[in-house]
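One structure is given below, encoded as structure tokens.
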């Protein structure tokens, strides 16, 4: 620091003022008027700061100076520094702390010692520089925040803030995520490194992650001594949003319900799940349609559907309910797609119903016996016996005089009737049906016996009394009199016969009674009483009675109110005249007696009552505040005499309304507050009152709609206290005029304003203020050092000392570039300024008015001087020109700019194309550099045009631009693939990674780079921006074709890691296409349709302009082959017509069939290698076919393990880490796989999944020796059959897999598409699958087959390849334990078709299978041993006493050990363990535990061989310490077989180190293990040998049961046998055990097999532990009979009867050939046969007349045909040579006109040969007719010939000539004339007028057309045309070739100008050569096709070439 300060002083010293003469005594003088110096904090006391030096030119004491200093700003500065009075050295006096005080200002005084003492002063500013000694501190110890899911990207969540006391350079805090959560955090969130604001990075999904724990670090970026940091944890909880719709568990629920189901019975439970949480996931259900009758209900919570109303099958048989699943979110989401199909099933539930009930009849008592009197009828809606009825009478007695006919229902009289005894008979009748159980119905029957008239009427009473008011209305009923006549037929009438004064009353007869009524008005004053005589008569007899009537007249009732007290409420603001309430009273009197008048008892002025209606209304306004309630007394009086009344009380409650506004206690309020008062300081309190009551009178205070000082003040709503919200600034606002409101809580509320004045009291709080926060200064570059840039000043509103300002640069001046004057603010430059090095400087200037500071930013912008050259690198324009009939989007606008750059912004560039653009293909804007494409490029021709572009300004530069026009066709796009690149942008991909990508793809596909066409680069719109880039491309194959998309996907899928490595980009797995979302219904196949948008703009990068072709994904649904129906819901059996020839059996598969052929036949069984001839493709894999002289052919196979007869490969070996890849399985609904394999304990046999490594897959694994099949459409299902002993035994095993999508069927069996059930059946070896699946549990141990079911609405979609033996590139979540397979596979069949294992797409290390060669053919076993083929070798079962690999070694001392037996050898230390050293024996055992051998070496060491848990274990122990342990866990040895065991000890030397290794070999190395044993046992001597157990003190420990022989040890593997053992304990010589089969332990129908110490029972052909007869289980279907037949495949057959066939009689219509066990389908042709059935033995169908053949599908005449309309005896209608020939009788000709009216064409129909060849010499082929029309138009000058017309006609000519198999004379003439026209026109064109420059195919089209005309088959036509008078002279082949030559010359002359590529076209009859440059002027050979010169051309004979003379070149 001292050095720096001295340097600064040297730079800053300026010359002092000079004077002409000196004073006698001069003042001391400082060289600078102010000094600035820095000192670091934390330095120890005494640290030197600066030496202050003043000069005094005086001599002596007058020139001796002493120094003092005083603080300027803060007196505390004197506590920290001291100045030496003599030297002027300023030092620190204590440790400095910048954070406590960072600036110290002193006035330094230099005083001389003259007289008088003079002084000089200066100012020094000491800045305490910062050291990074404080760590950041977060405001909180931890942060917790919640956000809702699905918030937008960039949503702010939480603001973290950490503070640091250090200076800004050491407190420049940056935030970042750290720790284990950083990866997760960055995926979902991002933190602003400067502000600490945490925002969302992308979509936040609670269902993916609900809780985030983030660790955030705040680092201060400090440099001295280093950065410091702090961390804090942030806990973010994602709150759930209702963004998931409930999903039903099934697409459709189907349930069958009986119609008699009880109400409230549960029939089904639907279920829907919601991935949301809490209430958003709570699902409730309701039925939204289909339940119009309300017969079903659903539990809204559980989804339980109940029947709540009876069902009736006869009314409705099926209900389709639509169920809604809705969650409880806000807003709720619902799923309305739940379909429930309730199918009602019928029961006998309809009882008989009587036609009418009850039955009634009448009969005269004189009716004779037997009379029919009543017909009982009932009906039953059921049918059959359920509706047949019988009748019987019920509830009858013995005296009932009636009977009924049980069948007819007629009721007849059975005895004499007597009405006087019984008049009515009541009994029942029952109708019963014959259903089971029977139902019945009953009805009542009433029979009345009729009588004669013999009784008079009699009144029921003789006197009647009544009372009647005199005002009763006429017609009023008075009384009813009744007389009764016992005769049933009598009619009684009534009359008034006396006492009816003035005829006031009348009587009428009704219902047998007399109704007496008032006929005329009464008068109480005249008659008050009547006595009437009434007579009743039945016309013959009569009776009388008296009626007494009293007349009354009195007001007998008083009015009565409905209530004694009324209460009513009314608002106080109700207007006068309003009705308050209407009251009423009632009076039971009539007339005036009942008329009521109302009046108020008290006169209350606010109310009045209407006297007539009782309505109380207001007369005056009410006021709640004056009176809250009124009580009114109301009286009601009637108008009778005397009057009667009633009184009630009405209480009127007045409701308060908000009609009073609040009133403030003071009209104006005033208060004061200091400007530095903290927020929420109380200023004053306001108060108001309100006269209203309750809420209307409750007052709150608010600034709303008032004035709150721009938010500086707030008011407490309840207390009215006014508080500050933030700190105030008096300089901004010295006082406030506020307006507050008092608001009551009425509705609507009342508001009263009040004015408040607040005065702000001042404090000293203002920092200096710059005129602007941001200055901009323009300075020319290269300005002189020291020039003044600007002067910056600030102002301070304060006064006095507080307004003193000092300036300094605080930021942006490192290194020191500018200097600022501390008092004036002048800014000076210290270095040379260069615009190109840096065009802008930003510094921060600080103005200090202690202790306050302010800062301003100064932007110093340099003005450019033109002193640099522009830059331009070579670049290319890649124009992907999409040629399609459906689009025309040639880019007509600006495609980009020339990528030139000039650092000098003032330079104006000028752009030119110097060469290569003579045809103006690029249109260049010379001033802007913008580029457009010429319309001349709008064609289908590729082009590469190099150009030179120059950019000129003050300086100039040139670079090469290459224009590449790539023609992108529909074929290329349809054969493309899209690769996804991680973390890649378009610009970065184009520059510089495009070349890497092309080379990587080229290497992976093994094609040249030029054959890879990238046509699209586009960000993945479904991914986060900038994360994934989609690159679409296609790749060409030799011959002009392209890799199919599927082949590209397979190769890239397989080589994805390699492509990632080569391209240095992260290549992601393929994404699913739109079809995998399964938008198509039933069996429809989704076809992914790619449309392409060629209107996208060019993409620019520093070196490439690229035009992309964007793919747009679409789809189309179609019904694939093998399926049909209006909705593609039915699968067709394509085996129906038996398409397999020569006796082949047809096997169904999805969308087709497979033929299973007899030996010697192949494909559709049409090729017979024993009799047929060679056909192309019959020999596979490069095999050559050779026909044999004796007939037939054979295939000669190339080397490489190919197998006869057709050079295929059926078996492959899979070493570790190997696999083979085949074309993937694409079956979606049916799949059948079978294969043979030898397996280890675990392995992956095959796997087929998706390219995206997710979702659907099928796989076959081996787990623990058992087969496991897994498949997945949405979730994984595992199918695991069990085979006793497993399949890991080295033998061949068969695995059959049948996967199918169960069809959905209607109630009547109709197909309705696929159901949701996916079934997989897996069986092993020769398993009776049906028996195992149906009866496996019952049989006990027959589980060789298993079935799995998966319920899913998706079908199986496998997009990836099929892998055998392993998988590459497996992801971490690969759902299988094994990823490889070690073993062999052979005979893999897919849908019954053998897979050629040489037809792989990729092979990673698999080989022809050598592990299972026929090793036993050479009989290698000696001494009577039996040979068995084992894994990769053979094994011999040797007789006792022999051993070794081939039984050639004698095995001494064979003994049988009983578990307590042992042999013991005392070796007397004669055997030394050396290297190499061997120890071995041969053993067999079934014991799972025991000791085989123990070798005791020295006193403590032992070598031990044991059987533990059935496995072989070797160990070495020393004392109680086990040194070594090795277990052979891959094999079980307790299997009763002989095993050879050998231990080898050897040494392994590595430098000076020697290690000892023990190798344990079992069965001659078939299984082995190795372990390091150390050096402890080397050199030890073996003392004892224990065999079969360890011989202790008189007993054997850990003995084994079994046999051991051939114990050997020594330095050779074939060491001589040991002598006889020293001791023998309970062993038996030899190895003989009893035969367990002697006791006949096996059940009936089985044979016993001795397997040494055990037996097995073999049930053939019976099943299970008990050897059950399969026919006892009866696996046959359709009521077929099961019969035992041992010779059949499974020991039984099913006798199917006449209408079924199949192994289990599961198929219909069959025949059974005599002497055969198989059933075959009839397959009768429907049109030609009468029936689908056939003869049961021969299979002959019943043919119609004229039809023959077993299937009735042929005619008796070979040329007749069978059609839907019948059979015809002639040649059928057919099309030949483009002409339809009509159906013609045999032996007759057919004559039809040629096209276009030429001479008639003739064709003969011959009875022997059918149609003969037609004579069409003079015809014109139909395709030439249209061509002729266009030619005529040209020749008549109606059409002008131009480039477009040439292009169209040449294309049409080629199509027509190549499509026409036979030319006629007119055809040839038309083509010749047209070619002459076209070629003549082309020879006259040049430049882009040549059609070849606009159409890439023009030359080829012309050449192909000429080639057809000049072919050998047209020579006769040319001769005929030459003789034709109409033919042009001089024409013919010669003229055509001459025109071709002229055109070729013209083309060659224009090639260089038009960028035409050199091209060679070879057609069958012409070879055309385009331009070839030759600079050697010697004969040269034309290059072969493989030369890069002809890339992209179609293949021809690779040896074709010509020699061209120099003159031709």
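In case you wondered, yes, glycine gets a Cβ from its N, Cα and C as well.
Lifted from TrEMBL, the feature list:
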COMPBIAS  1-11  compositional bias 'Basic and acidic residues'
REGION    1-22  region 'Disordered'
DOMAIN    31-138  domain 'Cadherin'
DOMAIN    139-248  domain 'Cadherin'
DOMAIN    460-561  domain 'Cadherin'
DOMAIN    562-664  domain 'Cadherin'
DOMAIN    771-872  domain 'Cadherin'
DOMAIN    1071-1129  domain 'EGF-like'
DISULFID  1119-1128  disulfide bond
DOMAIN    1131-1166  domain 'EGF-like'
DOMAIN    1170-1208  domain 'EGF-like'
DOMAIN    1209-1416  domain 'Laminin G'
DOMAIN    1412-1448  domain 'EGF-like'
DISULFID  1438-1447  disulfide bond
DOMAIN    1454-1631  domain 'Laminin G'
DISULFID  1696-1705  disulfide bond
DOMAIN    1722-1773  domain 'Laminin EGF-like'
DISULFID  1722-1734  disulfide bond
DISULFID  1724-1741  disulfide bond
DISULFID  1743-1752  disulfide bond
Residue 1705 (disulfide bond) and residue 1438 (disulfide bond), distance between Cα atoms, whole Å: 49
C-alpha spacing of residue 1128 (disulfide bond) relative to residue 1741 (disulfide bond), in angstrom: 31
Rounded Cα separation (Å) that holds between residue 1743 (disulfide bond) and residue 1724 (disulfide bond): 9
Whole-number Å value for how far residue 1752 (disulfide bond) lies from residue 1722 (disulfide bond) (Cα to Cα): 11
PLDDT averaged over every residue in the domain 'Laminin G' (1454-1631): 88
Candidate disulfide-bonded residues 1705, 1724, 1734, 1752, pick with smallest Cα gap to residue 1119 (disulfide bond): 1724
C-beta crowding around residue 1741 (disulfide bond), within 10 angstroms: 27
Among 1447, 1724, 1752, which are recorded as disulfide-bonded residues, the nearest neighbour of residue 1128 (disulfide bond) by Cα: 1724
DSSP-derived helix, strand and coil totals, residue by residue, for the domain 'Cadherin' (31-138): 9 helix, 50 strand, 49 coil
Cβ-Cβ neighbours of residue 1696 (disulfide bond) (radius 10 Å): 25
Disulfide-bonded residues clustered about residue 1724 (disulfide bond) [Cα within 10 Å; pool: 1447, 1696, 1705]: none
Rounded Cα separation (Å) that holds between residue 1447 (disulfide bond) and residue 1752 (disulfide bond): 66
Tertiary contacts of the domain 'EGF-like' (1170-1208) (same chain, 6+ residues out, Cβ under 8 Å): 1160, 1162-1163, 1394, 1396-1399, 1407-1408
By Cα-Cα distance, the member of disulfide-bonded residues 1696, 1705, 1752 nearest residue 1734 (disulfide bond): 1752
Intrachain residues whose Cβ lies under 8 Å of the domain 'EGF-like' (1412-1448), provided they are six or more past its termini: 1211, 1238, 1290, 1292, 1384, 1454, 1482, 1537-1538, 1540, 1563-1564, 1566, 1605-1606, 1630-1631
Of 1705, 1722 (the disulfide-bonded residues), the residue whose Cβ has the fewest other Cβ atoms within 10 Å: 1722
Alpha-carbon spacing, residue 1705 (disulfide bond) to residue 1752 (disulfide bond), which is rounded to whole Å: 25
Residue 1696 (disulfide bond) versus residue 1752 (disulfide bond) - Cα distance in angstrom: 24
